[in-house]
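Peer 1: If you look up TrEMBL, you'll see 12-40, 46-66, 168-195, 207-229 marked as transmembrane segment. For 123-244, the entry in TrEMBL reads domain 'Palmitoyltransferase DHHC'. The annotation region 'Disordered' is assigned in TrEMBL to 301-378. According to TrEMBL, the feature compositional bias 'Basic and acidic residues' maps to 319-333. The annotation compositional bias 'Polar residues' is assigned in TrEMBL to 334-343.
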Ligand SMILES: [Zn+2]
Ligand SMILES: [Zn+2]
């Protein structure tokens, strides 16, 4: 890393330092100026109530903020990277079509669980990391690495928001709103007293209260907008990047492609099934960040063959790879045991069944589609 890289890395922490400074100042203004200097002369029980609730919201806010910042980003597993010999073969090839064929072949041989492709129909490949991108994975130019289910790179936490910390990020927005709302609502009576001239003589204290109220309202309103957006994304199982640029499936670009059929199921994909963990920054998201259940139409279920793996990649000839049976397929979809079947909602998924098929269509460009049909479907 050069000098410029080090400078950029240091600069990346400025927004976090700014937020931390605002928190420290708000702590002083609320606890010292409001609770200790103003409230103590008015009502001790009210002061204690203010202080207890304030610290509950503050601790939850700091906990989720810490987890969002320091949770390591979800990186791509080794099998998606090209080995040195594969890379040599890939880079030695000049023709684009042949490069695509090489990637297709690698994806097929390694049984990578990939459903999406580029807008041009090719394999999604990162030329910087030298890997075949898993579904929902994107290269972050700030982190300079491919990130699983990348949502966006957030300067306020100086970290990529992705598969491993998306729940923490949504909770961070939620607790920021709670913290700011609580501060604003409890400071409001004293803010009114300021305008009525009942807040004592000390100008510095009066302005601390006024600024505290304005800062709380301002942060609350701006984060509410962001929270509305991420609530919508959570309930539709979409990342920010996918909401701007739809992932491309067999049937074309589709923002709903990873939806689990209902708001409730989409919410549980990120927050998990157990309600007691929903409000805590403990990782409970489903899956492994690599393979995702997709809409049933992408599985082309009419072409499923019992226990067979079918391939129509490359020259148009059908090459059946019967050696790759359901056992290998199960292994290739690592999330299989964490997902249950959702036949009614039209979403099919891997894991509970005993039936596997791979499709690689030349017509659609380079792609690998994996599907497992559940017992109940057959
Ligand atoms: Zn990359
Ligand atoms: Zn990043």
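Note that Cβ sites are derived from N, Cα and C of the backbone, with glycine treated the same way.
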Peer 1: For the domain 'Palmitoyltransferase DHHC' (123-244), how many residues does DSSP put in helix, in strand and in coil?
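Peer 2: The breakdown for the domain 'Palmitoyltransferase DHHC' (123-244) reads 70 helix, 16 strand, 36 coil.
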Peer 1: So what's the average pLDDT for the domain 'Palmitoyltransferase DHHC' (123-244)?
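Peer 2: Per the prediction, mean pLDDT sits at 94 for the domain 'Palmitoyltransferase DHHC' (123-244).
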